[in-house]
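Heads up, the thing below is written out as structure tokens.
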Amino acid sequence: MAEKHPKNSLRTWLEIDKKAIRNNIAQFRKIISSKTKLMAVIKSNAYGHGLIDFARTVENKVDWFGVDSIVEGLKLRQKGLKGAILVLGYTLPARLPEAAQNDISLTSSSFELIKEISALKTRPKFHIKIDTGMHRQGFFLKDLPRLIKLLKLFKLSPEGIYTHLASAKDRLYPFYTLKQLKDFKKADAILKKAGFNNYLRHACATAGTLLYPNSHFDLVRVGIGLYGMFSTRETELQMTLPSWSPYGGSLEGRQNQKGLKVQLQPALSWKSIIGEVKNLESGSYVGYDLTEKVSKLSRVAIIPVGYWHGFDRGLSSIGEILIKGKRAKILGRVSMDMVVADISKIPGIKMGDEVIIIGKQGKEKITPEDIAQKIGTINYEVITRINPLIKRIYL
């Protein structure tokens with residue numbers, strides 16, 4: 001008879017390490033000035049970590065929350081979170097009054113939205129987005145004279161101005177980022193010359209914060225780093241290797257403030273259980289479409305997770321999981337709600353045993369970066385696509 005599973009008999013769940021989160025915040029605090037504000041970017045369900053629980057964990061340790069939508073911002077307010085909130089994405093004009101009523105700041109990146117804001121009796125606070133080269137949201141430098149006229153006409157003052165760096169994590173080609181930063185400074189100067197002052201300036205996300213320490217301005221927006229991951233392997237090497245190494249040091253001539261290394265700790269582990277164990281005869285096919293056949297007598301485990309949960313179908317026949325500290329290969333297609341793993345070389349496995357999809361077990365570990373490399377994507381996508389209905393357990 002299988003033992004009752006310790007996680008309330010859940011078939012799959014995430015464990016989020018609060019100690020790791022606190023460490024990651026401290027790592028960024030030590031490389032930014034005491035005058036520079038720290039925004040925790042918690043959009044997209046806190047990068048898969050759970051919006052509300054993550055926000056509560058960091059609320060007293062950060063200065064701002066960055067969310068994608070007014071919907072996320074309102075969820076924070078409804079749950080009693082009182083910190084400053086900036087919506088980084090697009091806000092429908094019909095929802096502008098809700099932003100004002102709930103003290104949620106918005107991104108304004110078009111003349112149309114400026115006009116919509118001006119028409120309101122109670123106006124929401126807003127940050128002007130400057131397009132310096134990302135070519136998504138934002139005003140171009142050439143738009144600023146017209147923008148300034150509108151702001152003065154409608155008696156509007158921005159709470160902040162910001163831009164987004166398109167390739168800050170690319171250490172080999174810093175020229176584009178440096179040009180973006182130069183253009184952002186031009187925009188700042190133009191607005192100040194026009195009489196606008198006392199607004200927050202921000203440009204750096206995680207990679208920019210790490211690699212461009214002279215460009216933190218008044219606030220940095222840290223997302224992936226707070227969850228214990230680097231934007232790229234190259235960024236990780238720069239921040240963890242000595243400054244004398246060919247890969248060490250920031251792009252502005254120093255590793256970071258006081259020469260300190262940045263040691264991030266992944267906060268997320270994704271776990272499941274063994275649902276069934278069985279033996280397959282040599283020549284047996286596994287899964288849909290008969291894509292894989294075992295060439296010898298094999299022992300397999302069925303795990304109750306699939307692509308609906310966020311276990312990518314691209315991991316069919318190439319993915320791995322951890323059981324009893326050993327790697328077990330995925331056999332055949334990833335199904336909607338199940339995968340099959342080869343456990344022939346791992347003795348003693350029984351129904352109910354714990355499975356690691358992301359995380360550590362014994363001396364082995366599987367990271368979002370490992371999974372991303374197998375399926376041709378990035379760590380961001382791996383974690384944000386984990387189904388939000390899966391239980392997140394904060395430890």
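Here the Cβ of each residue, glycine as well, is placed from N, Cα and C on the backbone.
Taken from TrEMBL, the feature N6-(pyridoxal phosphate)lysine applies to LYS43. Reduced to three states, the DSSP call for LYS43 (N6-(pyridoxal phosphate)lysine) is helix.
Listed in sequence order, GLY66, VAL67, ASP68, SER69, GLU72, LEU88, GLY89, GLY223 are the same-chain residues at least 6 apart in sequence whose CB falls under 8 Å from the CB of LYS43 (N6-(pyridoxal phosphate)lysine). What TrEMBL lists as active site, proton acceptor is LYS43 (among others).
Marked as substrate binding site by TrEMBL: ARG136, MET336. DSSP assigns ARG136 (substrate binding site) to coil, not to a helix or a strand.
Here TrEMBL flags 267-395 as domain 'Alanine racemase C-terminal'. Restricting the average to the domain 'Alanine racemase C-terminal' (267-395) gives a pLDDT of 98.
Under the heading active site, proton acceptor, TrEMBL lists TYR288 (among others). Take the CB of TYR288 (active site, proton acceptor) and look out to 10 A: across all protein chains shown you find 12 other CB atoms.
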*Do you know which of the binding-site residues ARG136, MET336 has the most other C-beta atoms within 10 angstroms of its C-beta?*
MET336
*DSSP says what for the domain 'Alanine racemase C-terminal' (267-395): how many helix, strand, coil residues?*
20 helix, 50 strand, 59 coil
*Just the number: how many Å between the Cα atoms of TYR288 (active site, proton acceptor) and MET336 (substrate binding site)?*
11
